[in-house]
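Annotated domain 'Aldehyde dehydrogenase' per TrEMBL: B:7-425, in sequence order. Per TrEMBL, active site is recorded for B:Glu209, B:Cys243.
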Amino acid sequence: MSREQKAVERARKAFLTGRSKSLEYRITQLKNLLRFVRERQNEIAEGLKKDLRRSEFGTPLYETLGLESEINLAVRKLKDWAAPRPVSKSMMTISDQVYIQPEPLGVVLVIGAWNYPWAVTIGPLIGAIAAGNAAVIKPSEVSSHTSKVMEDLLPLYLDKELYPVVTGGVTETQELLKQRFDHIFYTGNGTVAKIIMEAAAKHLTPSTLELGGKSPCYIDNNCDLAVACRRIAWGKYSNCGQTCIAPDYILCDPSIQDRVIEEIKKNIKEFYTEDPKKCLDYGRIINERHFKRLMALMEGSSVAVGGENDESECYIAPTVLRDVKPDAKVMQEEIFGPLLPVLTVSGADEAIKFINQREKPLALYIFSSDNKLIKRMIAETSSGGVLANDCLMHFSESSLPFGGVGNSGMGRYHGKYGFDHLSHLRGCLIKQLKMEGVNKMRYPPHTADKLGWARFFILKHVDFGSVGRMALLALLAVFVAVILQRNYTD
Amino acid sequence: MSREQLAVQQARKAFLTGGSKPLEYRIKQLKNLNRFITERATDITNALRKDLYKSENATQMFEIIGLEGEINLAVSNLTEWAAPRPVNKTLLTISDEVFIQPEPLGVVLIIGAWNYPIAVTLQPLVGAIAAGNAAVVKPSEVSSHTAKVMELLSLYLDPEMYQVVTGGVPETQELLKQRFDHIFYTGNSTVGKLVMEAAARHLTPVTLELGGKSPCYIDKNCDIRIACRRITWGKYINCGQTCIAPDYILCESSIQDKVINEIQKCIQEFYTKDPKTFADYGRIINQRHFKRIMALLEGSTVVIGGDSDESECYIAPTVLRDVASGSKVMQEEIFGPILPIITVNGLNEAIQFINEREKPLALYVFSSSSKVIKRMISETSSGALLANDCLVHFTISDLPFGGVGNSGTGRYHGKYSFDQLSHLRSCLIKKLNMEGVNQMRYPPHTTEKLRWARVFLLKQVNLARWRQIAQVAMLAALAAFVMKRFLR
């Protein structure tokens, strides 16, 4: 039996003991996860430094603070989330118990990515644990140092059998994908995602695919360009552009292109100094393969800012390309690097058309002071999420579901959505063995008369919620009437 | 270009015009769908009679009423369902607009089944239309007469936006090569896997409404007479060809005889002494399934029924007793009028038996003991659970209907249909002011900036709760004022 098979079998066996069912158990594991994140900041930071040249501050800011927040939320809310959810009653169910019971699915496979290895590997794990599942964690081998930290240290904090860490590359992942899971949660690219969904199909396993795409960033003439470009520069060059929701390219009117480039240049200098290569807060490309890929993307486009690079360090300077053509190399795939193409369009109409000619992105960014324009863009395009007048921030909103649509993915997580998505929300209807008379209308022999009654019961919709509200209002009205009457007869 | 390719292209072209976006349009189409089922009632009834020997009243009861209910619900609630859904705010978003905007996905493929062809093909269509999608509807070729009637949909619905494509396996395979934005399939798990595999090539999400062996546990402690009445009804409707029919019974040997007796009484009451001549008792869909079901009887003891007539695809309402777990009838979903009874030594063994098998679409438990019911719920899993009755959870539009594991993925009915076939897009609209707050996130990163970031990201202020407290305080103040002034 392969190592992967063994890990999955043990996880399933551990799940079947039922120990992850109790909320106390799940909360303990979540709190252990929190302890891990806090106690092992150094090891985590070390791993990230070696993998992505992440600065010391980058670790909490971009990876662990978000996790802490999600864990705290899950611990605080777990009782609410896991409780039976009552459902509106109808005339037919007035004396029944009708509710939705959240339940664990079983064994979840979490396949992480390398760009924010902690956020996108542990983030889904939080939902899996909270929902009462076992989980097999497969960190990305590309962020190899982080993967080692996960492999070595997580088992010291979490239940080893319920939440095994399985490291490895393509071969090991393929072996894992042969096993049967109850849900597969994958973060990465569309090519691999298709392979995963195909493997999942053999076992009828549902999947959540957090993918990517080219997230457009439209800058309207009517907006505070200084602030807009500041936020865009931050969103783009964090982690060297290796962010699934980084603004991939800019669309703007040619009349503001120069100003946009100026402002971005200013902010690059302010954030990363005159020599980003020396700045501790500026990262590196993950590996040579991606470095070469990115350098090749610049071919044929005009560099307006940056362009410097150093292969030995996988360093590419924060770069802006101007007057980029739609068929340029840099527009043919998700950039996932510190190259920011600016394409000119003559207004929102053309921008919308441009966006709609392409695959649905994971994020759409709109910078404008005109709320009408923002609403228009939302209404006439589609994307995983929309963020107006900032970048990336919707990721940390746990009350907003995070996920893609079309080529950018399927499913969602964060906050309660992570819990719900990795649960089975089971419909429960508990009737009683009396009032059998009411059922006469459904039994054969079927007559027109019985049918009449069935129509009445099934089609007549009495909203008990509003009836209750009206009753309360009526009571209030009576109360007020009584008081007024007393006052006027004094 | 194949006929299927053309249909999908036309649907996508129609969708891209934006015609299905306005709610008025969707409501109009839904009302037209309603007209279709009322104006074509005779055609539909005749078709179902030919396909499944369904009586006119049974068609109304088990296909039409539910569909009408779903259409009415969608029409009355569409404005609410399609509206932006506000979301809890935090300190970081206190001055922003934060909401979820439901949007159409695009072109939805609906592959129907043959057992309740109108219900399981058109109910998903209600959701697709309501959510603003275009749809390609592929009715099951097995219920061929009903498939023909569904072609009439083009006289009622926008024929470009909602295409009906009939055909068998090759046509379905050709459809599955095309790109859709969602595939909604009702049927069996073998084909379900093929559908998901095809969908994977385009990264298309799927809803698979499958089946399985839905267990039915009868506790000693319950009104066996009423229980058996409801089970009999649930089992033999449509000749057992119901995805949520109670597949087999689990009960203690001490009550087996009583159970058999009661079921026999009910069969007689519902279907007379000669179900074959009775208009309200159906037929098996075709010879292939007839043979399949008859073969399942092998090796088991028939205690009620068992008679059959291949020329009519007739199988009498049948009960098997003392069935062994290894018998043929327990190896696959029966989907026919055969009801095996397996004896177990009580709840523990029943739970164990159920958990050794794939998660079913429905789980039935008959008991007067709320403890037994709650235990069954917490120690098993299934698409849904219904205690003390059969099938009726299907009609509760506030309950999500769908499977888990081998019984399926995704859910629908009521608002769930709308949500399942929509993209619920997260929207965060910030302003270009208050830039000072953002300082903490920009490089150069410092310890102090990080400290602020910690405060904003980790401090949980429950704004909803504060709003509630403020409201209660205002109400209390108002009440005090009123009382002071007027109740002297």
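Cβ coordinates come from backbone N, Cα and C, glycine included.
These numbers come from a predicted model, not from an experiment.
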Cα separation, B:Cys243 (active site) to B:Glu209 (active site) (Å, whole number): 9
B:Cys243 (active site), number of other Cβ atoms within 10 Å: 27
Other CB atoms, at most 10 A from the CB of B:Glu209 (active site): 26
Per DSSP, three-state class assigned to B:Cys243 (active site): coil
